[in-house]
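Participant: Okay, handing you the structure first.
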Amino acid sequence: MSASPLLDNQCDHLPTKMVDLTMVDKADELDRRVSDAFLEREASRGRRITQISTECSAGLACKRLADGRFPEISAGGKVAVLSAYIYIGKEILGRILESKPWARATVSGLVAIDLAPFCMDFSEAQLIQALFLLSGKRCAPIDLSHFVAISISKTAGFRTLPMPLYENGTMKCVTGFTITLEGAVPFDMVAYGRNLMLKGSAGSFPTIDLLYDYRPFFDQCSDSGRIGFFPEDVPKPKVAVIGAGISGLVVANELLHAGVDDVTIYEASDRVGGKLWSHAFRDAPSVVAEMGAMRFPPAAFCLFFFLERYGLSSMRPFPNPGTVDTYLVYQGVQYMWKAGQLPPKLFHRVYNGWRAFLKDGFYERDIVLASPVAITQALKSGDIRWAHDSWQIWLNRFGRESFSSGIERIFLGTHPPGGETWSFPHDWDLFKLMGIGSGGFGPVFESGFIEILRLVINGYEENQRMCPEGISELPRRIASEVVNGVSVSQRICHVQVRAIQKEKTKIKIRLKSGISELYDKVVVTSGLANIQLRHCLTCDTNIFQAPVNQAVDNSHMTGSSKLFLMTERKFWLDHILPSCVLMDGIAKAVYCLDYEPQDPNGKGLVLISYTWEDDSHKLLAVPDKKERLCLLRDAISRSFPAFAQHLFPACADYDQNVIQHDWLTDENAGGAFKLNRRGEDFYSEELFFQALDTANDTGVYLAGCSCSFTGGWVEGANRTPCNAVCAIIHNCGGILAKGNPLEHSWKRYNYRTRN
């Protein structure tokens, strides 16, 4: 049905002034003012409106929609004119306002969309995603800072896009209209103002699986120095902490600050810090090899809280691929990727496709799945409901996918992000080599798709940093802090715990020496393998519920190997060589690290092998570090001899200046970190919420990064201790600070969905 000729004609004779709403900064007021502007514009049409009213009385119906699309003039239920919004930057708006008459040509080619700038169920990032899918044009937030409200004829071409915009739990569709001058499709510019859709905040934000931000709680408790306390008439518990990694140290420290006097930490190894392990070289103590955690994203807000608290917040960028000159070796051919530039042409399809996916999401059949950027934006802006519902859709549709099958489904389907279908196995192998920002992800392709996607949404793949002092300085400073006259380190017993058992109302700890001790509460921060095999905690349901036991026993622990080499000089600077190398051989990822940037003549440090899973398992067959280094050097030499010729230890000292570690064979670890396989995200849920399950509190609590949704990241090792400490204080009659995780109303997900 064509639009009313009167409406078409009236749009050709535009009024001389739009309503200026740029000073309006409240969504509800903008809603009212925009609606009033449409009403006033219709009233000004005089004779034409009179005649339209006559048509209405003859069978046309006029109505205002609740979401701000006003007015609609319809016949037989088919809309003739409705409202829409063109989103533009301040500069484009200025050009329009300076033109007389209104410069319709300025907005030609743009897309008007039926989402109002006062819509609080839609974020700016979602708007960017929708406009790209409707127009094929990319926008930055600065390009969408303002809007022009228009009345547009239904004769304009339109496209409807199903997107996860929720109102009372229902899916809504977004409609876009292409603004063109051809065909004289009528539209009328009515008002202009600022886009008030939700924008990201500059502060911390919750992770997608928790939707609770621990950082504000820690900040709030900084004033009092404690997250809870015990009234004078309440007896304090006797507590054992198993493991002196970062989780165990945080637990002990927070309990001591809360007034718990009797705290004992049991550590099986001869050092503290666990996987926060910085090896200092004897001849250059300021050069440190990070044997465990080494990349620290600013989005790890709790980690940075503790770094700031202990004076370690000075960080430097980690030399990830593409952020520094990077040498790529694929099938024996060498490619140079200059810092800050696009990768070599061979890699463009996978590079552009992945980045398009991050911004644009995935269009599959009947729905657009929210882009990772849009979900992150929702978390930043506090739109928790939308973030939750969008993530649940990803869980529903991709929860049973491996990272490999998920990538195949997205990039080999009919709507591949970036517009180019990937080829198999060529693009597959290129993507495995290049990765998603922090190096090749090929070895973890069989991990769950959701497991990798959550890292992206949580911001852990962005702006990763390195700690100049070595990250083990953090657990060292926590351990050296004196609380109530005694340091945390003085409470550490370096002995292995062989069993943890219930004994009436107490918990019995049996040590390797045969000695047993009774405690009121126990926090276990050991690796999952030790919880099962050494502590024997999953043999029955006396301590943990069956689903928790299952999660401990079956969660996948990733194998990882590192080999560091300290060189006589920073040869990559001397000879202008790339400081990052990615290869498809046994030496997967090589990083050159400078811990003494102020000294050009200082020692160099090369992480010559950082491998995961199968690539790590292969290296276990070569346990001798000198032999392993020779194998890696020879492999690099075949493609990059100019680099390999410098890979010899300073002073030819293989004993002191080469260090390696295999986390899978570490008897106190049993793997580097937890990485869920497809369909196993409910294991993380069971492990994380165990300490918060007050209905099944047995006095034993789990903590540690492997008991979080972010295995392998220090952030999880800082949040789970908070859960355990809160549980102990609460269960023993203490008083917790407001806003604690125990009193939070958790918005849980269904992780056991079927595709």
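Every residue gets a Cβ built from N, Cα and C, even glycine.
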Participant: Pick from S222, S224, S247: which one does Swiss-Prot list with E267, K275, R295 for the same FMN site?
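Facilitator: Of S222, S224, S247, S247 joins E267, K275, R295 in the FMN site that Swiss-Prot records.
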Participant: Among S247, E267, K275, R295, which the record lists as binding FMN, how far apart in Å are the two most distant Cα atoms?
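Facilitator: That value is 25 Å for the farthest Cα pair.
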Participant: Where does E267 (FMN binding site) sit in DSSP terms: helix, strand, or coil?
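Facilitator: The three-state answer is coil.
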Participant: Around E267 (FMN binding site), which residues of its chain at least 6 apart sit with Cβ under 8 Å of its Cβ?
Facilitator: G243, A244, G248, I492, C493, H494, V495
Participant: So if I measure Cβ to Cβ from K275 (FMN binding site) and keep only same-chain residues at least 6 apart in sequence, which ones fall under 8 Å?
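Facilitator: Listed in sequence order: G245, I246, G292, A293, W663, A669, A672, F673, C705.
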Participant: Looking at Cβ-Cβ distances, which residues of the chain lie under 8 angstroms from S247 (FMN binding site) while being 6 or more apart from it?
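Facilitator: In sequence order, the residues whose Cβ lies under 8 Å from that of S247 (FMN binding site) (at least 6 apart) are G274, T525, A703, G704, C705, A717, N718, T720, P721.
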Participant: I want to verify one value. Collapsing DSSP to three states, which class is R295 (FMN binding site)?
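Facilitator: It is coil.
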Participant: With every protein chain in view, how many other Cβ atoms are within 10 Å of the Cβ of R295 (FMN binding site)?
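Facilitator: I get 20 for this one.
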